[in-house]
């Protein structure tokens, strides 16, 4: 592996990923040819067919009034990458797809902590997908491309960052798996990290069990238990190392010198010393208050007092006083956890807050549930509908439709604040996607449960891990809606605090893992680790850390601790509901039938005439798939059965015979007679000469109008299948009725009589 100058000023480095019997993948980085005015630009290739351009730029002057690092990541999906024209009205790309937004988050999470602290210049990384092999996923390539372009941009960046997707296929962890290979995987995860002196520091993990995991495990595949997931993280490290080395070699030849950027530390040492001297005692006491609101009110009071006491001494440096106060709060919270193993709300490190689960909360919803964990409160609401209501996806990913949709809402009142409401922000999209992935492996197939499912999670109150609360509320709500889940799923958020502690005159690194973290513990801790799963295996996992790597034994311990908490939560959820409820009376009843593929056109009819007619007459909704699967949905079973009977009459017809009698509906009149509907798609003609019951009539409309019911008998069927009808004598019709002959529903166009000619 080395850098090659392929032409003047154009450099290339290569990383070869060896998957053993699964083959090799080649990731190539090139710079110097495209986007030359960007601070750093790299084109990343995956096996030559997939091509992404990443360009990193920085503003010339800092935004010193910001109290955060203004990093922006954008992913641009170009439809020409797949040889397609966008399906929008204007035929050009518009707002980013969900896949693009989730990829932005995958890039941001490992890159952001890699920049020097205090940087306030605006940094923008734009990744453009220019070519995509349909067998590949571009998200992990984008992580490496973004890191490589930033590494050569002359920024204070301590990268590079390597990103890899590894999937557990036939007991082997395979890097950069193809879409086809993922069909055989039981677990799939994206891992990003940095190369250290003797190891790889894991910075970010996004993982999930596949939707085939239950079937594959039942067939003998290895279940993705906590131990297996930990092995997968270790398996990802050599691949990340190779990717980081390729980026480092490219930067060694092509990187700009690191420029001097002004840094704006949160506070000066003199400010921190002053704040600590006046606030430590009062703040330490306030941080033992268990209730969030009461604790926050008290710490706010102390902050105001500190600002008042130090305002004259540090005039014009009020922002630094606020930063120092926050840093002191962080130090005290962490100190108590590390030394006393007690947290700010008084819990031990493995304690879970009070749990509550309840179903059937929203009256007319198809399914609903309320899940509470301490001050975190999530309302889950399930809606069922026809499969045709599945979300259609127009993106570069392999997924074209989505039957299960999970939408997460985080209104400002959930934290007692005001703010914008409306379209979801990136965080809400990311949290919804995480909860969706957690539940996908346990959802029934469309054959088992022919419904589109929309799950909405409303974060009504937030103090720690609303995303994992959404997983729990969704499981409860889905069961309440009657969805036959393969297993219930629960989630928990874990945290980590670490520091060097003096023990018997020696300094040792101490790690303390926290179960069920609060919002403050998330902000002040070293790791945010969300884990969801059943009682038997992990279904989804998300990890972000601020440390340069977490020891394997610490991570394995956190996974085991998370499982213990998950089992406890599942037991509480089972008390509320442990099996699917009866479906709501307000939910549609959907039945599936099969028709021959060559009969689909007849069921639909010219310009949809036949299917629209059935829908209007029965009130049922009908959806037909290309393979002949027909989904019939209705508010009651009778309407659904009526629609099914009509569809079967067309697709699997029993041809009427001479002598059969029907109560038919006049559907058309002409100068020569009246057409009467006998069965769906099967009409017969009563000639004008047969309409007068032996009397001559001048106009058909004098005796038969469209919509009239006529008792008719089949007199003849010619060799072309045309049916000639005659009216049944009134006395015969009355006699048949008195003898109990079947009288069809007025809604039905026709139904065969029980009597036939000769009876």
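Every residue gets a Cβ built from N, Cα and C, even glycine.
What Swiss-Prot lists as Mg(2+) binding site is 522, 528. The annotation compositional bias 'Low complexity' is assigned in Swiss-Prot to 741-759. Positions annotated as domain 'KH' by Swiss-Prot: 588-647. Positions annotated as domain 'S1 motif' by Swiss-Prot, on the basis of sequence analysis: 659-728. Per Swiss-Prot, region 'Disordered' is recorded for 734-759.
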*So what's the mean pLDDT when you look at the domain 'S1 motif' (659-728)?*
85
_Counting other Cβ atoms within 10 Å of each residue's Cβ, which of the binding-site residues 522, 528 comes out lowest?_
522
*Where DSSP helix means H, G or I and strand means E or B, what are the helix, strand and coil counts for the domain 'S1 motif' (659-728)?*
7 helix, 38 strand, 25 coil
*For the domain 'KH' (588-647), jot down how many residues DSSP puts in helix, in strand and in coil.*
32 helix, 16 strand, 12 coil
